[in-house]
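Participant: Questions regarding the structure given below will be posed in turn.
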Amino acid sequence: MSRVDNQRRLFLELIEELRPHWHHDPAQPQRLADWLARHRAGSRDRRLYRELCYTAWRILPWIEDTSAELLVRRVASFASPSKATAPFIEAFADPTVTSAPPGPPESLLPTWLGDECPAVLQDPTQRDALLSRAPLWIRLQTAQPPRVAAEFDSLGIAHSPSALLPDAWQVAADAPVLNTEAFRRGDFEIQDLGSQALLASLPGALSGHWLDACAGAGGKTLQLARRLGHAGRVTAHDIRGPALRELEQRAQRAGLDNVTIERAPSGPFDGVLVDAPCSGSGTWRRAPHLKWTTSHATIAAAAERQQFVLGKFAAMVRAGGTLVYATCSLCHRENEAVVDAFLEHHREYRPLPLRPPGHSSPQADGRWTFLPAELDSDAYFVAAFQRS
Ligand SMILES: C[S@@+](CC[C@H](N)C(=O)[O-])C[C@H]1O[C@@H](n2cnc3c(N)ncnc32)[C@H](O)[C@@H]1O
């Protein structure tokens with residue numbers, strides 16, 4: 001059996017392993033990782049099967065009820081070309097599949113999206129951005145960007161700064177940025193541009209003692225700590241201990257001494273960031289399998305949790321302090337509806353105008369959705385409030 005025929009056989013084996021989970025399991029990337037580990041795949045094979053698998057998730061309605069032959073042809077036709085995928089694409093792709101796709105672009109998005117986020121479906125630019133792969137963004141956290149640029153140049157890693165946020169650089173999707181001295185020194189972190197834009201939307205200088213209530217592994221904690229500077233500090237909290245341990249390491253690498261971890265924060269704080277757990281519908285460009293595991297029921301459950309988390313941590317904001325609510329969801333029920341219900345039950349809060357990067361006038365209603373094409377990023381929602 002030739003090498004590509006063997007790759008085809010193994011890919012179909014992987015597909016059959018994932019098939020029962022396509023519409024149920026949001027943790028399918030872990031199943032893929034387990035499969036790769038079990039098959040002791042080398043780095044090039046990992047890149048190949050990952051790309052084939054993510055392509056299969058992207059175009060699932062076009063492959064799930066087809067023959068194995070058509071499935072392989074369609075996946076090979078839509079897979080991204082690279083050194084790892086080139087022989088597979090050459091052997092099995094068919095240009096007529098991409099010139100006359102099996103369905104309209106909307107068929108690659110769940111039908112319920114029209115109710116939750118009509119803006120994406122009505123605008124072909126937004127829809128196509130959501131269907132495409134997101135670029136890789138890093139956030140610089142050094143006073144010496146030229147030192148990072150020099151190392152990237154020496155390694156042939158293409159990089160370009162965002163026109164809106166100079167600390168954000170776009171780098172090639174498969175660039176080995178984590179394998180650089182600059183990363184080991186803490187000069188940058190990987191962080192999507194939309195995620196960076198959330199905190200950048202808060203107008204004026206931030207100061208004082210902030211709580212990052214749903215800090216996870218600390219993507220936004222580190223950005224917030226840097227923005228607050230030496231005079232300010234961040235308390236990071238999450239219900240996931242392992243994520244907080246990772247946060248601790250990242251803060252150390254970044255040389256930040258104004259971040260502490262707290263298992264049971266109580267406040268009052270000058271500011272509280274609630275980067276709430278959500279359906280992740282804004283991340284489909286990187287996590288396309290979530291398109292098919294998210295339903296009305298999962299969105300309703302997420303919204304209920306968000307109401308609870310926002311109410312709980314809003315109580316920790318001091319009088320006159322700031323509250324920020326954010327999600328990486330496109331869903332109305334997780335975003336605007338949560339904010340509306342919160343404001344109805346918390347008369348002590350009023351919207352705080354935001355100034356999203358690239359907007360000359362403030363958003364007076366204190367809320368903004370970064371749709372995927374606006375910054376060529378994942379999609380995010382942010383709302384800010386001030387306590388009376
Ligand atoms: C969107 S993620 C946070 C991402 C993180 N802020 C970042 O920038 O990388 C949401 C986080 O909320 C945490 N979470 C869920 N329920 C929580 C609760 N009741 N209290 C605190 N954190 C919670 C989850 O463990 C998860 O890490």
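Glycine residues also receive a Cβ, built from the backbone N, Cα and C atoms like all the rest.
This is the feature table in TrEMBL:
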- CYS328: active site, nucleophile (ACT_SITE)
- ASP238, ASP275: S-adenosyl-L-methionine binding site (BINDING)
- 124-388: domain 'SAM-dependent MTase RsmB/NOP-type' (DOMAIN)
Participant: Who sits close to ASP238 (S-adenosyl-L-methionine binding site): which same-chain residues at least 6 apart have their Cβ under 8 Å from its Cβ?
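Facilitator: Long-range Cβ contacts: CYS214, ALA215, GLY216, LEU244, LEU247.
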Participant: So how many other Cβ atoms are close to CYS328 (active site, nucleophile), meaning within 10 Å of its Cβ?
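Facilitator: That number is 26.
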Participant: How big is the gap, in Å, between the Cα of CYS328 (active site, nucleophile) and that of ASP275 (S-adenosyl-L-methionine binding site), rounded to a whole number?
Facilitator: 8
Participant: DSSP on ASP238 (S-adenosyl-L-methionine binding site), three-state: which is it?
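Facilitator: Where ASP238 (S-adenosyl-L-methionine binding site) sits, the three-state DSSP reduction gives coil.
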Participant: DSSP on ASP275 (S-adenosyl-L-methionine binding site), three-state: which is it?
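Facilitator: DSSP call for ASP275 (S-adenosyl-L-methionine binding site): strand.
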Participant: Looking only at the domain 'SAM-dependent MTase RsmB/NOP-type' (124-388), report the model's average pLDDT.
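Facilitator: Mean pLDDT, the domain 'SAM-dependent MTase RsmB/NOP-type' (124-388): 96.
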